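Undergrad: What Swiss-Prot records for 8-248 is domain 'ABC transporter'. For GLY40, PRO41, SER42, GLY43, CYS44, GLY45, LYS46, SER47, the entry in Swiss-Prot reads ATP binding site.
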Amino acid sequence: MSRTVSKLVINNLDLYYGEFHALKDVNLDIEEKEITAFIGPSGCGKSTLLKSINRMNDLVKNCKITGDITLEGEDVYRQLDINQLRKKVGMVFQKPNPFPMSIYDNVAFGPRTHGIHSKAELDDIVERSLKQAALWDEVKDRLHKSALGMSGGQQQRLCIARALAIEPDVLLMDEPTSALDPISTAKIEELVIQLKKNYTIVIVTHNMQQAVRISDKTAFFLMGEVVEYNKTSQLFSLPQDERTENYITGRFG
């Protein structure tokens, strides 16, 4: 019988922006090679937690964090420097944000930053990453054209390829399909499910149907708290907290 392994452990995490208590005693075990969805109304702390995992909140003035986030047993705030962490944890944002450079250079950007400059090695990384992002066949003949000429859906898959190029352990996705049309959304969802074979994925989504379609576990956030965390099928079919039931049935949110 296979045993699940916690890749990320969030323990007694509190986060303040000045006097505002944005995350309240959050405790989550995020398991390896699973898709974990964060759902909840706007402003409930989903994206704040995502940004805490890869320390994007380091740049926010008056942000104070207590508690622990560990990645494979290492504290991301006390034991990993920011460059180590960013190599282990990739991030894909809500709006596609390709760099104003070629498709090739977008994907090669991270590996170059981490010291890889061999053309042969970069060629292999770019091809592998674009294939993983289901984009290679669409762009292999125009790798040196600007990424800004791609469609929105292609740009988002390019951003996924760029994140994968550094071979992270964890991929964080902050509403990656909210700016896309339904066809592009379906492609991204299919891609995310495929990526689960090799990566631990955490996705923030406002689309509850999306959480049902792609995630193994779901955490429901409300006013900075994790109200409920369970297997997705159980959380949506038999919620244990009345607030979860009210949210997923559309009574608020």
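These residue numbers are counts, starting from 1, taken along the chain as shown.
Note: Cβ is positioned from N, Cα and C throughout, glycine not excepted.
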Undergrad: Name the residues of the same chain, 6+ apart in sequence, whose Cβ is under 8 Å from the Cβ of SER47 (ATP binding site)?
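TA: Expected: ASP174, GLU175, VAL204.
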Undergrad: Let me know how many other Cβ atoms fall within 10 Å of the Cβ of LYS46 (ATP binding site).
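TA: Within a 10 Å radius of the Cβ of LYS46 (ATP binding site) lie 26 other Cβ atoms.
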Undergrad: Relative to the mean position of the Cβ atoms of GLY40, PRO41, SER42, GLY43, CYS44, GLY45, LYS46, SER47, the recorded ATP site, which additional same-chain residues have Cβ within 8 Å?
TA: THR48, PHE221, LEU222
Undergrad: Calculate the per-residue pLDDT averaged over the domain 'ABC transporter' (8-248) and state the result as an integer.
TA: 96
Undergrad: Output the one of GLY40, PRO41, GLY43, GLY45 that, of all these binding-site residues, has the highest number of other Cβ atoms within 10 Å of its Cβ.
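TA: The residue with the densest Cβ neighbourhood is GLY40.
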Undergrad: Sequence gap of 6 or more, C-beta under 8 Å: which same-chain residues meet both conditions with respect to SER42 (ATP binding site)?
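TA: The answer is HIS206.
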Undergrad: I want to check the contact list for CYS44 (ATP binding site): same chain, sequence separation of six or more, C-beta distance under 8 angstroms. What comes out?
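TA: Spatial neighbours, sequence-distant, of CYS44 (ATP binding site): PHE221, LEU222, MET223, GLY224.
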